[in-house]
Amino acid sequence: MSEIKLIVGLGNPGDKYADTRHNAGEWLIERLARRFNFNLSVESKFSGKTARAVISGQEMRFLVPTTFMNLSGKAVSALANFYRIPPEQILVLHDELDFSPGIAKIKQGGGHGGHNGLKDIIAQLANNKNFYRLRIGIGHPGDKNLVASYVLNKPSPTDRQLIDRSLEEATDCIEILMKEGITKATNRLNAFKA
């Protein structure tokens, strides 16, 4: 049933960044790995950690680029090209400044909104913006000059709790996506607020 064949979780590599807001996409992949019992392993030809799982009879590939965020497109395009997965069958999980913690939404297409990971993915997919995005709200520092340090810092315990609740709902919705399709998953997730 799933129209999605590749799920990508964005983040920066290394322990220094593991708990920072910019790694919210990777946090969601980690939850999916626990839910669906798969392990990511490093595949250097894809510049990332990858896994393959069959869920509800659907083959799904998972990717966490091991490059820094602004080079995420290299991994996405390498894996998508190798397995002939078109952009319309890719779901990218990423942090979203424009949503408060506790909100997550799915959408298809659009620009990068200043997100350097999305910017590079769009560029590496030959400017094709038609991939899906699951945007995980992390809140905004209020001043655009503070954004760079904000995304590279840990959320407050209260914000982390709200983000975790949205990640739990997103995990449920990705399971729905695999069984019943992206429209049903989108409608449910986009109505959720922790």
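Positions of Cβ are set from backbone N, Cα and C atoms, glycine also.
Worth saying up front: this structure is predicted, and the values here are computed from it rather than measured.
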According to Swiss-Prot, Tyr17, Phe68, Asn70 bind tRNA; identify which of Asn39, Asn116, Asn127 is listed for that same site. Asn116
By a three-class reduction of DSSP, Asp95 (site 'Stabilizes the basic form of H active site to accept a proton') is assigned strand
Report the member of Tyr17, Phe68 (the binding-site residues) whose C-beta atom has the most other C-beta atoms within 10 angstroms. Tyr17
In Å, rounded, how far does the Cα of Asn116 (tRNA binding site) sit from the Cα of His22 (active site, proton acceptor)? 10
